[in-house]
Amino acid sequence: MNTFKKGLKTLGRALNDETRINILYYLIQNGDTNVQTLVEHTQKSQTSISHHLRILTDSGLAKIQKQGRNHYYSISDKHVETILQILKDHFSE
């Protein structure tokens, strides 16, 4: 399977969960965010949010910055926002 198809498959898996989609939109709107803030925003457990963040970072949709003991998550680049907007527009028609 070529790289493009593998990327689409990975993207599909990463976006196949409402919590992960909510996390991505939160990161787009708010920038660098720690796990505790996402726990409060989503009302999910820290374990659950950490699991979702790992999937998002492994898929390349989110990135992590470590500052001492603190970890901050953000979208990996502007393409993530563009992809989500295109999908939103497509399914809103």
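The backbone N, Cα and C atoms fix where each Cβ goes, glycine too.
Here is what TrEMBL says about this protein:
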- 1-93: domain 'HTH arsR-type' (DOMAIN)
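Helix, strand and coil content of the domain 'HTH arsR-type' (1-93), in residues and according to DSSP, is 61 helix, 14 strand, 18 coil. Per-residue pLDDT, averaged along the domain 'HTH arsR-type' (1-93), amounts to 94 for this model.
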